[in-house]
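Annotation comment: Swiss-Prot describes His68, His70, His238, Asp313 as Fe(3+) binding site. The Zn(2+) binding site feature in Swiss-Prot is assigned to His68, His70, His238, Asp313. What Swiss-Prot lists as 4-imidazolone-5-propanoate binding site is Arg77, Tyr140, His173, Gln241, Thr318, and the listing cites sequence analysis. Swiss-Prot lists Tyr140, Asn315, Gly317 with the feature N-formimidoyl-L-glutamate binding site.
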Amino acid sequence: MKPTVWHHLRLCPHGHPDETLDDAAIAVDETGTIVWLGAFSALPHGYAHWQREDLHGAWVTPGLVDCHTHLVYGGTRADEFAQRLAGVSYEEIARQGGGIVSTVRATRAADETTLFVQAAARLQPLLAEGVSAIEIKSGYGLDLASERKMLRVARQLGERFPVSVYTTFLGAHALPPEYAGRADEYIDEVCERMLPTLADEGLVDAVDVFCERIGFSLAQTERVFEAATRRGLPVKLHAEQLSNAGGTALAARYRALSADHLEFLDEAGIEAMKAAGTVAVLLPGAYYFIRETQLPPIELLRKHGVPIALATDHNPGTSPLESLLLTLNMGCTLFRMTVPEVLQGVTRHAAAALGRADRHGALEIGRQADFAVWSVGSLAELAYWIGRPLCEQVVRGGATVFRRMNG
């Protein structure tokens, strides 16, 4: 790759629209590393003969980060969507053997190639919106072989597409049918066999649990957290989505990277998150899709200064969403978040929710040049437009990996 100066751009280096620089430039060396950024008029003479790319006044932000997805799975749950429209609740569907378990059956039946092809089709719309880092959870296998299959596919996506993929083992997502009535025994399997094996195979970056009355108890969640901690793995938690089960306080005790959903989070849980440095990941796509009415406590999160991230929560049952930009709009319209909050929610704070704030979410000297180029007049348009293609170009490590074709 030739050293390149990207110039005549409007720079938003940290994802905050109040911290910008007009007519800026970014110098990227042959390794894809940012070696200088600032006002184009102040470009040092040493870069005068580098290759130039004129962005004609376009906005540049850090590559976006989708910090909570379930992108790898088999089948769809369109039939359950119809059930919910007829008045059947998400919890009722789950108790009838639908919900997560129906996707488990489809995922177990699919081979790696099928799962890869299906997941790749879901990933590509996100890449075309400037996503350069993404978390992908397991949790639709619920046995060792199937969880391994999911995590292997996630790793393959990161190898074959220009995106950093971070894997999360979510073996404690639901109780598999063969363990009906034996939840503690299943947690034994998760902690003593599945997690150690998959971690030893290098397939796990973090560990998550679905802590809820239709998921796993606080005691069971803590067992998984203990097992993860013994392996030196960070933890995350699906928490307080359907009720206040106290999961967030537990997550904070283990200094979780994030607690996610949080519609029923209380102030005590928020205070614990703040003290632990745990990021609040809000998922408006799921809130919208299952027609929830309990809003997450945005004002209390603001009051206590808890960093807020946003993510698609792409999954087949409650958020079949393939647009992080639409997620921004939902964060504003449904949760009344501000434009600066949602933009930081998919850059700096989303990177922190993955424990990767040193690698993603900001443009700084010494970092890899991962950025998105936007054809908008103001950054507010990223959250304003619905369905309009706004990303003109995506750069990874200084190389253009996506360019929108006009006409």
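Note: Cβ is positioned from N, Cα and C throughout, glycine not excepted.
On the structure: features taken from Swiss-Prot.
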residue: His70; record: Fe(3+) binding site; DSSP class: coil
residue: Arg77; record: 4-imidazolone-5-propanoate binding site; DSSP class: coil
residue: Tyr140; record: 4-imidazolone-5-propanoate binding site; DSSP class: coil
residue: His173; record: 4-imidazolone-5-propanoate binding site; DSSP class: coil
residue: His238; record: Fe(3+) binding site; DSSP class: strand
residue: Asp313; record: Fe(3+) binding site; DSSP class: coil
residue: Thr318; record: 4-imidazolone-5-propanoate binding site; DSSP class: coil
Exercise. Could you give the Cα-Cα distance between His238 (Fe(3+) binding site) and Arg77 (4-imidazolone-5-propanoate binding site), in whole Å?
Worked result: 20
Exercise. How big is the gap, in Å, between the Cα of Gly317 (N-formimidoyl-L-glutamate binding site) and that of Arg77 (4-imidazolone-5-propanoate binding site), rounded to a whole number?
Worked result: 6
For this session: For each of the binding-site residues (His68, His70, Arg77, His173), count the other CB atoms lying within 10 A of its CB, then report the residue with the highest count.
Result: His68
For this session: Return the single residue from the binding-site residues list (Gln241, Asp313, Asn315) that has the minimum number of other CB atoms within 10 Å.
Result: Asn315
Problem set entry | Cβ-centroid neighbours of Fe(3+) site His68, His70, His238, Asp313, 8 Å, sequence order | Thr69, Lys137, Asp260, His261, Leu283, Ala286, Ala311, His314, Asn315, Ser319
Exercise. Which one is it: of the binding-site residues His68, His70, Asp313, whose Cα lies the shortest distance from the Cα of His173 (4-imidazolone-5-propanoate binding site)?
Worked result: His70
Exercise. Apart from Tyr140, Asn315, Gly317, which residues in this chain have a Cβ no more than 8 Å from the mean position of the Cβ atoms of those residues at the N-formimidoyl-L-glutamate site?
Worked result: His70, Tyr73, Arg77, Ile100, Thr103, Gly139, Pro316, Thr318
Exercise. For the 4-imidazolone-5-propanoate site made of Arg77, Tyr140, His173, Gln241, Thr318, how many Å separate the two farthest Cα atoms?
Worked result: 20
Exercise. Are there any residues in the same chain, six or more apart in sequence, whose C-beta is under 8 angstroms from the C-beta of Tyr140 (4-imidazolone-5-propanoate binding site), and if so which?
Worked result: His70, Val72, Tyr73, Gly74, Ile100, Thr103, Val104, Ala106, Thr107, Ser146, Met150, His173
For this session: Report the nearest neighbour of His68 (Fe(3+) binding site) in space among the binding-site residues Arg77, Gln241, Asn315, Thr318, comparing Cα positions.
Result: Asn315
Exercise. Does Thr318 (4-imidazolone-5-propanoate binding site) have same-chain partners at least 6 apart in sequence with Cβ under 8 Å from its own Cβ, and which are they?
Worked result: Tyr90, Gly285, Ala286, Phe289, Ile290
Problem set entry | Gln241 (4-imidazolone-5-propanoate binding site) to Asp313 (Fe(3+) binding site) - Cα separation in whole Å | 13
